[in-house]
Amino acid sequence: SVAFKAGVKEYKLTYYTPDYETKDTDILAAFRVTPQPGVPPEEAGAAVAAESSTGTWTTVWTDGLTSLDRYKGRCYHIEPVAGEESQFIAYVAYPLDLFEEGSVTNMFTSIVGNVFGFKALRALRLEDLRIPPAYSKTFQGPPHGIQVERDKLNKYGRPLLGCTIKPKLGLSAKNYGRAVYECLRGGLDFTKDDENVNSQPFMRWRDRFLFCAEAIYKAQAETGEIKGHYLNATAGTCEEMMKRAIFARELGVPIVMHDYLTGGFTANTSLAHYCRDNGLLLHIHRAMHAVIDRQKNHGMHFRVLAKALRMSGGDHIHAGTVVGKLEGEREITLGFVDLLRDDYIEKDRSRGIYFTQDWVSLPGVLPVASGGIHVWHMPALTEIFGDDSVLQFGGGTLGHPWGNAPGAVANRVALEACVQARNEGRDLAREGNEIIREAAKWSPELAAACEVWKEIKFEFPAMDTL
């Protein structure tokens, strides 16, 4: 037998395996690697594979007590990034046994927990993950999914409409409830707590829940439609979060909300399990995502966070607008929107999808378009996102010159007009403005909204390019 050979050896001798055939059960990752000058890409890719699986900086005696071949991550392919001098895409395969079942927390701790501070790399970005069915099947996934949500709400054949209540901080619970009522009464399906509304001195959570529940029931009785308000259950401890979710269920409201990145995946998964068991829909806000996903060469792409959310659980998630005030490049946004909604997504590098992803039968998540959108955007949004989406107009509802309810009316009229035009076979991309103008002729509320926002544009070149 060979004696134990101490010392430091190059990662690529063990962890760079270009001949490796990936298994159907492997978790595959695509990293954008920017090595330090003088570090060959193979070594950098192998270093990532090693440090995010079984390796450490030196050979250890206890390596002899396990089978590295069975457990090590492998960098199995490296390709240069077109148009970038020193960037490479490194593909890494991880054996399934490295991960705890049903834990997004553990998956991220393993894959991205340690390697991002690595000295041999100037920068590192996780672009995409392939989650094998063998792993995704250990998760509950979204509490209900798209079809069940439509059945609960009895709303079919169109996108859903929402509105974030503004000013986001400072309203009393009673005035907050009033704004909720006016929006729902005007024709919206949902209103939403802002992500930073938790339980502050000016409005404690229990007061808000009570007033919002009253607003929901009153609006439902008057419109004959099912209404909802995303009650933000995010809290400082998991116990407090569950307490809020339980109170929401006792009030009989249809939906609660959670900030899944700031709240953490462990808390989110617990809440998702509770929501399925108790018939609550779960709206997910992605506060803090840009800290992780905005840099092009470091961090994680949002499509990875979106996949993680589908596993951890949520029925809605914010996913950019393509047209409003926040970032989002069209093809790339549509790429992860499909990853949220569809069962099977083909690899398509033009949309940033590095791997074919088969979700089997995991329920889908509704993408939420929100941020700086208004009635003039409605045709584009209807065309880009299709029926299975939630369109959220915060300022685009509450900023209406006549008040909240007319603002809601304007949005609902615009949406119904766009859906009808599309169903009649008209081209929303080309005739969008015309469709809105026609509808405005018989809806004074819409006409007023059109007048206010006719000049507003948030035009900056998008940063998320391929």
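Each residue, glycine too, has its Cβ placed from N, Cα and C.
Given the structure is predicted, the values throughout are model-derived calculations rather than measurements.
Feature annotations, reproduced from Swiss-Prot:
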ACT_SITE  Lys166  active site, proton acceptor
ACT_SITE  His285  active site, proton acceptor
BINDING   Asn114, Thr164, Lys168, Arg286, His318, Ser370  substrate binding site
BINDING   Lys192, Asp194, Glu195  Mg(2+) binding site
MOD_RES   Lys5  N6,N6,N6-trimethyllysine
MOD_RES   Lys192  N6-carboxylysine
SITE      Lys325  site 'Transition state stabilizer'
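The structure, with features from Swiss-Prot marked on it.
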residue	record	DSSP class
Asn114	substrate binding site	coil
Thr164	substrate binding site	strand
Lys192	Mg(2+) binding site	strand
Arg286	substrate binding site	coil
His318	substrate binding site	strand
Ser370	substrate binding site	strand
Can you tell me which of the recorded positions Lys5, Lys166, Lys192 is spatially closest to Asn114 (substrate binding site)? Compare CA atoms only. Lys5
Restricting to the recorded positions Lys5, Thr164, Lys166, Lys168, Asp194, which ones have a CA within 10 Å of the CA of His285 (active site, proton acceptor)? Asp194
For the residue listed as 'N6,N6,N6-trimethyllysine', the spatially nearest of the binding-site residues Lys168, Glu195, His318, using Cα atoms, is His318
Students should find that the Cα atoms of Asp194 (Mg(2+) binding site) and Thr164 (substrate binding site) sit apart, in Å rounded to an integer, by 6
Fewest other CB within 10 angstroms, which one of the recorded positions Lys5, Lys166, His318? Lys5
Which of Asp194, Glu195, the listed binding-site residues, has fewest other Cβ atoms within 10 Å: Asp194
Taking 10 A as the limit, how many CB atoms besides its own sit near the CB of Lys168 (substrate binding site)? 13
Between Ser370 (substrate binding site) and Glu195 (Mg(2+) binding site), how many Å separate their Cα atoms? 12
Entries of Thr164, Arg286, His318 which, being binding-site residues, have CA atoms within 10 angstroms of Lys192 (Mg(2+) binding site): Thr164
